[in-house]
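Pulled from Swiss-Prot, these are the features on record:
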{"type": "COMPBIAS", "residues": "1-13", "note": "compositional bias 'Polar residues'"}
{"type": "COMPBIAS", "residues": "22-31", "note": "compositional bias 'Polar residues'"}
{"type": "COMPBIAS", "residues": "32-47", "note": "compositional bias 'Basic and acidic residues'"}
{"type": "COMPBIAS", "residues": "246-264", "note": "compositional bias 'Acidic residues'"}
{"type": "REGION", "residues": "1-50", "note": "region 'Disordered'"}
{"type": "REGION", "residues": "237-266", "note": "region 'Disordered'"}
{"type": "REPEAT", "residues": "154-194", "note": "repeat 'WD 1'"}
{"type": "REPEAT", "residues": "197-236", "note": "repeat 'WD 2'"}
{"type": "REPEAT", "residues": "280-319", "note": "repeat 'WD 3'"}
{"type": "REPEAT", "residues": "322-361", "note": "repeat 'WD 4'"}
{"type": "REPEAT", "residues": "366-404", "note": "repeat 'WD 5'"}
{"type": "REPEAT", "residues": "407-446", "note": "repeat 'WD 6'"}
{"type": "REPEAT", "residues": "453-494", "note": "repeat 'WD 7'"}
Amino acid sequence: MPTESASCSTARQTKQKRKSHSLSIRRTNSSEQERTGLPRDMLEGQDSKLPSSVRSTLLELFGQIEREFENLYIENLELRREIDTLNERLAAEGQAIDGAELSKGQLKTKASHSTSQLSQKLKTTYKASTSKIVSSFKTTTSRAACQLVKEYIGHRDGIWDVSVAKTQPVVLGTASADHTALLWSIETGKCLVKYAGHVGSVNSIKFHPSEQLALTASGDQTAHIWRYAVQLPTPQPVADTSQISGEDEVECSDKDEPDLDGDVSSDCPTIRVPLTSLKSHQGVVIAADWLVGGKQAVTASWDRTANLYDVETSELVHSLTGHDQELTHCCTHPTQRLVVTSSRDTTFRLWDFRDPSIHSVNVFQGHTDTVTSAVFTVGDNVVSGSDDRTVKVWDLKNMRSPIATIRTDSAINRINVCVGQKIIALPHDNRQVRLFDMSGVRLARLPRSSRQGHRRMVCCSAWSEDHPVCNLFTCGFDRQAIGWNINIPALLQEK
């Protein structure tokens with residue numbers, strides 16, 4: 001997750017490395033070294049005691065092996081592009097190709113033509129590892145129920161959080177490592193307001209339940225409350241992003257992220273001073289949220305505490321201690337005075353403020369790695385996501401074990417639940433977004449290829465189930481937020 005301003009570039013470089021397709025082949029000669037007792041540098045050095053003919057043969061064999069690796073790698077990339085193209089053509093029919101199986105089959109065929117016994121063994125090993133490069137395209141008919149509608153591009157760095165306003169006019173909010181928060185028109189994708197009051201990464205954004213107020217948390221160790229006033233522009237026809245010309249496909253496939261030569265946020269009004277600044281933490285404030293009613297706010301920090309503030313006076317009401325490591329997220333119940341905090345200590349805690357005289361805490365243990373988020377649903381359930389690649393559904397009345405567990409192939413970031421339909425949106429480190437129901441049944445995976453979808457890790461998801469244009473939003477470290485239209489009735493019918 002984000003650090004303070006000095007470490008934002010470091011986080012970005014770290015995430016960029018995840019997408020590197022460079023292939024580094026380390027030539028080892030352990031068997032030769034064991035037989036001859038000579039180190040590798042002597043085999044390659046000028047003073048090697050090996051005959052020149054033997055050295056030349058060795059170097060030639062190494063060159064052949066390297067070329068075979070390179071050919072396999074190129075073929076794998078070509079197969080991946082073919083799979084993307086075929087899936088887009090078949091998306092309208094609700095079909096998908098199992099890319100993992102296709103890639104393995106193709107690679108097996110191509111590997112069988114090897115004439116060298118040694119290179120054949122190495123190629124088989126390489127094939128097993130590189131088959132993971134191709135995305136897994138599991139057969140599902142739900143692709144037709146999920147459509148990319150709008151891309152919101154304007155941030156200069158990764159976007160950590162996305163949120164939808166609860167009051168009219170309904171706008172989209174994004175929080176970024178570029179030290180700003182932006183408000184967007186959902187229909188047009190135009191930036192309406194820029195908040196530039198923080199001096200560190202903006203790690204979360206949440207809207208007040210009844211007023212035009214936003215709450216942002218930052219790496220500068222503060223949380224800000226600021227007022228906005230927006231006027232929505234006239235909606236323009238939404239472009240169909242599912243149909244892209246072949247010329248555009250080649251152009252887009254070479255891009256790792258959106259082209260941001262022009263700063264679209266430079267033309268929108270900028271707010272630089274908050275109404276209220278909440279200052280009590282001694283570390284990065286990673287998340288913040290409004291308690292029911294909007295008169296109090298809670299913050300979560302890397303100093304291992306969560307703080308409860310009075311919004312009107314900015315006074316600290318409670319400091320919530322108990323986590324053993326940095327906090328990663330906090331969330332409030334929509335109708336009750338309950339707070340849930342997540343931590344790197346593999347637990348999340350439920351704090352109960354319904355009794356003004358005393359607050360109680362319950363600890364949930366069940367994950368084996370950082371709990372990246374835990375959120376409330378309607379009723380007595382909490383859903384938690386973790387870097388251990390699982391999502392767990394819990395009953396607040398029974399903390400001992402989850403009532404459902406979802407196992408995935410990638411770490412999970414800030415999840416969100418569609419309250420009305422009880423659908424969980426899972427944003428992954430591996431650029432995928434998957435939808436599950438509360439019992440753990442997978443409903444869909446959002447379309448993603450070299451031409452659409454996220455190009456780096458997806459950090460957060462947010463539902464807006466009543467919006468006519470987009471009812472799901474995601475954001476990621478590719479510096480863009482995306483609005484999706486999820487046909488929920490069709491999704492549930494296919495279930």
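From the backbone N, Cα and C atoms, a Cβ is placed for every residue, glycine too.
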Dominant neighbour of the repeat 'WD 1' (154-194) in 280-319, 366-404, 453-494, by Cβ pairs under 8 Å: 453-494
Contact set, same chain, for the repeat 'WD 2' (197-236): CB under 8 Å, 6 or more residues outside the stretch: 1-5, 7-8, 157, 160-167, 169, 171, 173-181, 183, 185, 187-188, 190, 271-279, 281-290, 292-294, 297, 299-301, 309, 311
Confidence summary (mean pLDDT) of the repeat 'WD 1' (154-194): 97
For the repeat 'WD 2' (197-236), residues assigned helix / strand / coil by DSSP: 0 helix, 17 strand, 23 coil
Within-chain partners of the repeat 'WD 5' (366-404) [C-beta distance under 8 Å, separation at least 6 from its ends]: 1, 328-329, 331-334, 338, 340-344, 346-348, 350, 410-417, 419, 422, 424, 426, 436, 438-440
